[in-house]
Amino acid sequence: MEPSFVSDGIPPLVAAQKPEAALDNLPQRDDEARESMESAQYSTSIQEPAAPDVEDLPSESDIYPEGGFQAWLCVAGSFLFLLPSYGFMQTAGTVQSYLETHQLSHYTTRDVGWIPSIYTFLGLFLGIQIGPLFDRYGPRILGITGSVIYIAQFFLLAQCKVYWQFVLCLGILGGIGAAFHSTIAMAIVSNWFLRRRGLATGIAMGGSACGGVIFPILLRSLYPKLGFTWAMRVVAFIATGVLILGNLCIRTNPRLRQHHEPNNSSNTLTQTISPLTTSSTHHRPQQSTKPKPKSKGLISFSAFTSLPFTLITISLFALEFIIFGATGILPTYATYAGFPTNSGFNLIAIMNGASFFGRSLPGLAGDYFGHFNVLLLMIVFTLISMVAVWIPFGATNLIALYIFSALWGPIIINMNV
């Protein structure tokens with residue numbers, strides 16, 4: 001039905017015309033009436049989008065493939081990322097033991113210990129900053145950036161002669177590069193798996209175990225044959241090949257990215273402008289009535305307002321403090337106990353070799369029995385192994401220390417279940 005335009009001072013012939021013609025023929029003195037009619041027509045042209053049907057929303061199975069070639073390829077990429085990053089982090093104790101008897105022999109154990117300590121600290125702590133960057137930019141840019149930093153630190157480490165150079169190259173650059181790779185490796189698995197996330201993460205963490213076996217044995221062989229400089233260069237070449245393959249394997253789950261991207265068609269008001277408005281000389285611009293979202297910082301501490309979350313964070317912090325602390329001092333402990341120098345390399349290799357099963361099986365069990373239940377059980381085993389084997393027999397019996405290392409390996413990764 002054509003709208004009726006009846007107003008004082010408007011001839012009947014003008015009122016019978018179409019709305020566009022009526023607006024054009026309005027006298028200048030009736031500007032107020034013109035604006036009122038435009039506002040009324042414009043207000044009826046804004047339509048709210050229909051709420052999406054619940055049945056149309058994507059399900060978990062639509063977002064997380066829980067398998068498939070690309071999903072397991074990303075697990076392989078995570079495996080390769082963790083092999084030189086966490087793998088060499090597990091070997092840092094053997095590097096410290098070598099430096100104490102060679103380049104930095106005139107420094108105390110406490111002073112030399114700062115180098116792998118900074119490396120481990122930055123490798124774990126910087127995940128707080130790199131995690132939000134992963135959410136914003138994805139794994140590709142961060143993976144390449146971390147690879148360049150991490151590979152460069154090995155080549156630079158080979159040229160180090162004095163204390164501050166070791167701190168800068170191994171401690172700071174190595175920690176930053178390891179943080180990039182470890183954070184990406186953990187986050188990318190969560191992009192592709194939900195129900196089987198524990199199993200997939202455990203398999204990916206197997207890369208750390210392989211690196212922890214390969215690097216100690218490799219360095220034990222290379223130090224006397226090639227020396228420290230070429231030993232580090234060989235490690236750099238290995239890391240280069242492994243990280244190139246890792247970067248080729250990883251990618252973001254496109255379903256998850258589309259699910260989290262804002263839908264412009266549903267988040268903004270659909271505005272349908274009628275001929276009345278478009279043909280008018282007083283055209284009213286389209287305006288969205290929805291306020292613009294506030295920009296958020298990369299790091300948000302709002303989660304710590306939850307008491308359970310805060311307690312869990314503190315507990316895991318204390319757990320990793322014990323685990324990485326004990327793992328780092330184990331080679332030095334063996335040296336000060338009077339055992340052969342090679343025993344430190346053997347301890348790390350045994351520990352990481354045994355930890356391969358401790359990385360995959362607890363993750364699989366956590367998917368079925370609950371991750372916190374399995375975590376609590378592994379913590380109990382950790383305490384028993386320390387109290388029953390290491391403390392009473394570790395300082396006097398090398399076989400007991402090897403047994404402890406084999407028991408310690410499968411349970412040091414209990415925080416990843």
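Backbone N, Cα and C atoms are what each Cβ position is placed from, and that goes for glycine too.
Please treat TrEMBL annotations as automatic predictions, because they have not gone through curation.
Annotated compositional bias 'Basic and acidic residues' per TrEMBL: 27-37, in sequence order.
Look at TrEMBL and you will find 38-47 (among others) tagged as compositional bias 'Polar residues'.
Among the features that TrEMBL reports, compositional bias 'Polar residues' is placed at 263-280 (among others).
The compositional bias 'Basic residues' feature in TrEMBL is assigned to 281-295.
Summed and averaged per residue, pLDDT over the domain 'Major facilitator superfamily (MFS) profile' (73-417) gives 80. For 73-417, the entry in TrEMBL reads domain 'Major facilitator superfamily (MFS) profile'.
According to TrEMBL, the feature region 'Disordered' maps to 1-58 (among others).
TrEMBL lists 259-295 (among others) with the feature region 'Disordered'.
Under the heading transmembrane segment, TrEMBL lists 69-89 (among others). If one looks beyond the transmembrane segment (69-89) by at least 6 residues along the same chain, the residues whose Cβ comes under 8 Å of a Cβ in the stretch are 119-120, 123, 143, 150, 174, 177-178, 181-182, 184-186, 188-189, 191-193, 200, 203-212, 214-215, 235, 238-239, 242-243, 245-251, 253, 352.
Here TrEMBL flags 114-134 (among others) as transmembrane segment.
Residues of the same chain lying 6 or more positions beyond the ends of the transmembrane segment (141-158) and with a Cβ under 8 Å from any Cβ of it are 81, 84-85, 130, 133-134, 165-166, 169-170, 173-174, 176-181, 183-184, 228-233, 235-236, 239-240, 243-244, 246-247, 250. What TrEMBL records for 141-158 (among others) is transmembrane segment.
Feature annotation from TrEMBL assigns transmembrane segment to 164-187 (among others). Sequence-distant contacts of the transmembrane segment (164-187) (same chain, at least 6 residues past either end, Cβ-Cβ under 8 Å): 77-79, 81-82, 84-86, 88-89, 92, 95, 99, 103-104, 114-127, 130-131, 134, 139, 142-143, 145-147, 149-153, 156-157, 201, 204, 207, 243, 246, 250.
Through the fold, the transmembrane segment (199-218) approaches residues 71, 75, 78-91, 94, 185-186, 189-190, 192-193, 231, 234-235, 238, 345-346, 348-349, 351-353, 355-356, 359-364, 367, 409, 413, 416-417 of its own chain, all at least 6 residues removed from its boundaries and within a Cβ separation under 8 Å. Taken from TrEMBL, the feature transmembrane segment covers 199-218 (among others).
The feature transmembrane segment is assigned by TrEMBL to 230-250 (among others). Residues 73-74, 76-81, 83-84, 88, 139-140, 143-144, 147, 150-151, 154-155, 157-158, 181, 184, 188, 214-215, 218-219, 222-223 of the same chain lie 6 or more positions beyond the ends of the transmembrane segment (230-250) yet place their CB under 8 Å from a CB of it.
Residues or ranges marked as transmembrane segment in TrEMBL: 298-324 (among others).
Per TrEMBL, transmembrane segment is recorded for 344-362 (among others).
The transmembrane segment feature in TrEMBL is assigned to 374-393 (among others).
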